[in-house]
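Marked as transmembrane segment by Swiss-Prot: 13-47, 81-101, 106-126, 148-168, 171-191, 201-221, 228-248, 255-275, 278-298, 336-356.
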Amino acid sequence: MIGKIKKFNFKSLFILNTFALIVTSYLFNNFIFTGVYILFFFISIFITKNGLKIIKKFNFLQNIRDEGPTNHFKKSDTPTMGGIFMIIPFLILLLIITINLSSLKLILLLLTVFGFFITGFLDDYLSIKKRENTGLKTKEKFILQSVISIIFILLAYEKNLISPLITISDSWAINMNIFILPVAFLVLVGISNSVNLTDGLDGLAAGCSGIVFYGLGTEILLKGQQELFVFSILCFSMSGICLGFLKYNSYPAKIFMGDTGSLSIGAILGSIALLTNSIFTLSIFSGIFIIESLSVIIQVGFFKITKKLFHRGKRIFLMAPLHHHFELKGVKEEKIVENFWKINILLVILGIVLKINL
């Protein structure tokens, strides 16, 4: 069905995601899930539309890296830091819920997301100030991410908020014991940077994130644990926020989320997956993010190895991340994004089917 749609755009994705959420709400006999999704979808549209004026007023404009595809130079001076309008509504919702429930899990989630939000904000702000594509140095950004992640992981592990088990199904789990700590670090820092790398084409990261948040929210519901339902509400809210932002971020983008958005989105996904023991399923849902990240690792690794062996570096892809490879192959930007969305939808369906049947 998905493959037969001639043009799968923002509206198509919203309609499909909304339909899926209505079905999910019906099956779980609770339409609050659809309600928060719709509410935050329109909040996101309203805030982004009006926030664009503020971004333009302060000249928070994107700088394009010289090493990227040449057709991206026309995107220079597109308003950026749109992640502010995505993450602040989420943080306000999370703060309200945290105050009402006084949950240590929610407190840790709030502080972790806020930490990644500030990291992304600093990176974007310095990039704009320096009129360069990079704000914080790679090492500086990694150190900040690492410190925030380690604090979150150690506190959560000490309070037994992170399970040492990686649950594959109700009857099958892998006991990682103390090794869950490096796994948790890899999940949190890895998914954050993977979303960041995916945010290279108009609407790619925002669309995929909206799809993944729906999948993660549904997977948590399938656990049947009442105390975890609040995390489903948070996921569905973020799904609505991402798709609301997508209205202005889809091709041709009027605004970019920047690291303020992408790093925070990854932190939300990783933190919630760790706190709800959903690592395995998230790894399936996030297939696009993971592939994008792996393409960079493979490209850099292969180049360094061949340079050492043959004194001349060789590349597997025309350019990494993977979406740039397809761009240089001549595939239109919107077509690449459309196909990546479709693949992500199939990955979410696969993850949910496995969750139900394993």
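From the backbone N, Cα and C atoms, a Cβ is placed for every residue, glycine too.
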The transmembrane segment (255-275) vs the transmembrane segment (106-126): 3 or more CB pairs under 8 Å: yes
Top Cβ-contact partner of the transmembrane segment (171-191) among 106-126, 201-221, 228-248, 278-298, 336-356 (pairs under 8 Å): 278-298
Residue numbers, six or more beyond the limits of the transmembrane segment (106-126), whose CB comes under 8 Å of its CB atoms: 60, 80-81, 83-84, 87, 90-91, 94-95, 97-98, 134-136, 141, 144-145, 148-149, 152, 155-156, 161, 188, 192, 230, 234, 258-264, 266-268, 271-272, 275
Which of 13-47, 81-101, 148-168, 278-298, 336-356 contacts the transmembrane segment (201-221) most, counting Cβ pairs under 8 Å: 336-356
Candidates 81-101, 148-168, 228-248, 278-298; stretch with most C-beta pairs under 8 Å toward the transmembrane segment (13-47): 228-248
For the transmembrane segment (228-248): best-contacting stretch of 81-101, 148-168, 278-298, 336-356, by Cβ pairs under 8 Å: 81-101
